[in-house]
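See below for the structure under consideration.
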């Protein structure tokens with residue numbers, strides 16, 4: 001009797017003193033996990049969050065609080081044009097990447113395993129080749145006396161060498177080449193999971209191939225399309241190396257505006273304000289798309 | 001989608017798709033291959049095909065003190081960043097996987113930020129911080145920056161590995177008397193090794209190729225290979241770059257091959 005009484009009162013008596021071993025274990029566990037994550041977090045805090053906070057603060061500063069840097073972005077056509085150029089190039093590259101990438105991902109997803117592996121390998125090798133190497137390759141190919149121009153002349157398609165590089169066209173070609181894998185990989189990941197049974201079901205119900213594609217396959221692949229579009233567009237908005245090397249100083253993108261304001265003019269306020277606007281654009285895009293597709297799935301492809 | 005689809009049954013449309021895909025693949029791969037013959041050219045001019053063959057651009061690279069120094073900086077920094085980012089990334093991914101805390105789950109998003117923020121903004125921000133604390137043009141500064149940029153690669157790879165791992169095995173090892181660290185090292189880690197290896201290789205390649213942040217924060221004796229390449233490329237098309245490009249591509253390729261092999265081994 002006495003023993004069972006003690007057993008009944010024990011839990012109640014133990015809780016107020018905070019000695020419940022399970023709760024204590026959980027707290028210790030939480031503390032340990034926090035500790036394990038903290039070095040990585042501190043690095044990101046110090047090298048990313050603090051600088052971002054500082055950029056925001058700096059963008060409102062010029063001997064005290066001011067909106068002049070933002071006002072300049074609105075007022076000066078150079079800034080406007082740069083943002084317009086950047087969005088135009090990003091739009092063109094993103095659409096082109098979808099047009100080139102969708103059939104490629106489709107072919108990889110529907111091919112027998114070995115051929116799919118070959119296609120993927122051919123996508124991944126450029127993916128892991130230095131951006132500089134690829135920019136250099138395009139400089140060789142597209143220059144006035146380059147391979148493309150001599151080929152066109154040899155075939156009698158053009159009389160004079162075409163200006164393929166040191167302009168917007170060169171920038172777009174090289175950027176597309178660099179970003180295409182970022183379109184193909186999320187597309188492939190999504191298409192691969194579409195059950196072939198569904199397509200057969202569609203066909204067996206009398207759907208013509210194009211109809212089945214349009215009504216079954218395409219809608220199911222849309223999350224991948226969205227992930228690819230977002231990734232390519234956002235990466236392109238912040239692209240720096242290719243426009244700098246391929247643009248010939250005439251194609252100015254937002255990133256170059258930032259770097260020039262810092263390196264040439266030491267205009268921290270202007271550079272910060274441009275950065276904040278770019279960051280807002282990227283943030284809004286992620287926020288909007290994040291409602292439809294988890295962000296981890298979008299950026300995880302990198 | 002294993003079944004060769006019924007969608008493109010008519011032979012001509014399949015043929016058309018095949019042709020289109022081949023063209024896109026050529027667009028992806030040919031520009032990278034073109035660098036290879038260029039690097040063995042004996043001419044200063046980039047005519048294709050090269051008028052003759054030589055190793056002069058490789059000699060130029062290996063004989064140049066400044067190129068060699070830049071290469072050493074890049075390799076050292078990439079190696080150190082990999083050694084730093086890998087354990088820190090594993091620890092953080094493990095913590096995020098095992099926690100029930102709201103705070104830590106909220107942080108998940110923060111760990112993806114290095115992949116989301118445009119790299120030019122990262123570069124400017126890091127440049128400012130380093131200018132304040134005196135880390136500009138230093139090896140530790142470069143290592144830390146590449147570690148930060150590499151963390152998401154390790155974390156996403158390890159998180160995927162932990163997802164496929166049955167956590168109770170580690171609990172069993174601990175209930176049999178191992179302490180937590182030993183249980184992790186001898187039970188969990190070997191089973192998620194392929195993810196760890198691929199994460200580490202990604203960090204290494206990314207650090208080796210990183211250009212934009214290095215443009216801002218590296219310099220002097222601690223200039224990276226990529227920064228030097230970029231500065232040279234801005235002025236002229238120097239064939240030495242073709243030799244370096246070939247070496248860099250070969251390195252990336254070898255690492256990817258290593259990765260593919262390390263993934264295959266556990267199965268047989």
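Note that Cβ sites are derived from N, Cα and C of the backbone, with glycine treated the same way.
Remember, predicted model here, so these are calculated numbers, not experimental data.
Going by TrEMBL, these are the annotated features:
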type	residues	note
TRANSMEM	A:32-57	transmembrane segment
TRANSMEM	A:77-105	transmembrane segment
DOMAIN	A:83-289	domain 'ABC transmembrane type-1'
TRANSMEM	A:117-141	transmembrane segment
TRANSMEM	A:169-191	transmembrane segment
TRANSMEM	A:212-241	transmembrane segment
TRANSMEM	A:265-289	transmembrane segment
Contact set, same chain, for the transmembrane segment (A:117-141): CB under 8 Å, 6 or more residues outside the stretch: 104, 107-108, 111, 147-148, 165, 170, 173-174, 177-178, 180-182, 184-185, 188, 241-242, 245-246
Candidate ranges A:32-57, A:169-191, A:212-241, A:265-289 - greatest C-beta contact count to the transmembrane segment (A:77-105) (under 8 angstroms): A:169-191
Non-local residues, at least 6 beyond the ends, that sit with Cβ under 8 Å of the transmembrane segment (A:212-241): 86-87, 89-91, 93-94, 97-98, 101-102, 105, 131-132, 135, 175, 179, 182-191, 194, 198-199, 202-203, 253-256, 259, 278, 281-282, 285-286, 289, 292-293, 297-299, 301-302
Remote residues contacting the transmembrane segment (A:32-57) - C-beta distance under 8 A, at least 6 residues beyond either end: 272, 275-276, 279
Long-range environment of the transmembrane segment (A:265-289) - Cβ separation under 8 angstroms, sequence gap at least 6: 52, 55-56, 58-59, 61-62, 66, 68-70, 72-73, 79, 83, 226-227, 230, 233-234, 237-238, 254-255, 257-259, 295, 298
